[in-house]
């Protein structure tokens with residue numbers, strides 16, 4: 001996640017993430033979530049003339065920033081693709097199994113949250129969109145105006161972890177039957193009224209909006225696909241660094257890494273004669289999950305939920 005306030009950019013866990021990549025001057029690296037380029041610029045500063053960096057992003061505004069950087073630095077290219085597709089992009093360039101490090105900085109960025117026209121936030125009224133790439137998929141408005149009440153409730157509960165998901169979904173459907181939703185503030189007000197137990201200091205629409213954003217952008221599906229692709233792309237000794245911003249993301253990352261540390265033994269029938277390598281770990285995890293320092297939390301409160309996990313490919 002890149003924090004952007006006007007022209008000031010604060011990239012979460014900037015130094016820690018790039019340090020965890022252990023950048024080699026001649027290495028090839030992937031920034032799976034380019035954003036406004038905070039991590040990419042620091043990676044480039046550590047690369048030599050023969051180093052390479054490929055940036056990925058779905059957001060056209062991020063791509064525009066990336067194209068400017070690419071014009072300034074020939075070691076960098078940016079592609080408008082989800083990191084879930086990094087395997088095919090890497091294969092097209094003949095780099096499968098040759099990538100030195102991959103960084104995934106998950107979630108929505110502050111430029112997206114703070115731009116009312118993108119429709120991500122209930123704090124700033126705008127079109128109810130929420131798509132990272134506005135040219136692909138259906139908007140949040142289309143979803144809440146057409147999905148069955150059971151599906152809306154599932155999204156609020158599974159992706160937003162909203163305990164009043166059923167009540168809030170019914171309120172959405174009752175209101176859309178009268179007037180379809182078009183604006184973020186309109187939906188936020190309906191959710192606010194339907195939520196009977198507000199948490200102090202938290203907007204009652206927070207969890208439902210998170211669920212909608214995850215649904216619209218297939219965030220968890222992309223994460224699962226991206227993690228699998230990353231493992232194939234990395235060379236032996238290559239690093240995978242993932243920064244997550246809520247428990248659903250972190251759980252997927254943690255379970256993925258735990259599975260690979262254990263090897264394939266759990267996937268094989270007992271007493272089956274197999275080669276010893278099948279029981280060997282595919283990765284090793286570097287250190288414990290890392291969170292933002294007190295200094296970073298003070299400078300950037302939005303970093304409070306960031307969790308970084310680091311793994312190294314062994315085979």
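Each Cβ is built from the backbone N, Cα and C atoms, and glycine gets one as well.
In Swiss-Prot this protein carries:
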BINDING   37, 38, 39, 57, 83, 105, 112  S-adenosyl-L-methionine binding site
Chain-internal residues, separated by at least six, CB under 8 A from residue 112 (S-adenosyl-L-methionine binding site): 59, 118, 120, 132
Cβ neighbour count (within 10 Å, all chains shown) around residue 38 (S-adenosyl-L-methionine binding site): 23
Maximal Cα-Cα distance (Å) across residues annotated as binding S-adenosyl-L-methionine, namely 37, 38, 39, 57, 83, 105, 112: 18
Secondary structure of residue 105 (S-adenosyl-L-methionine binding site) (DSSP, helix/strand/coil): strand
Lowest local Cβ density (other Cβ within 10 Å) among binding-site residues: 37, 83, 105: 37
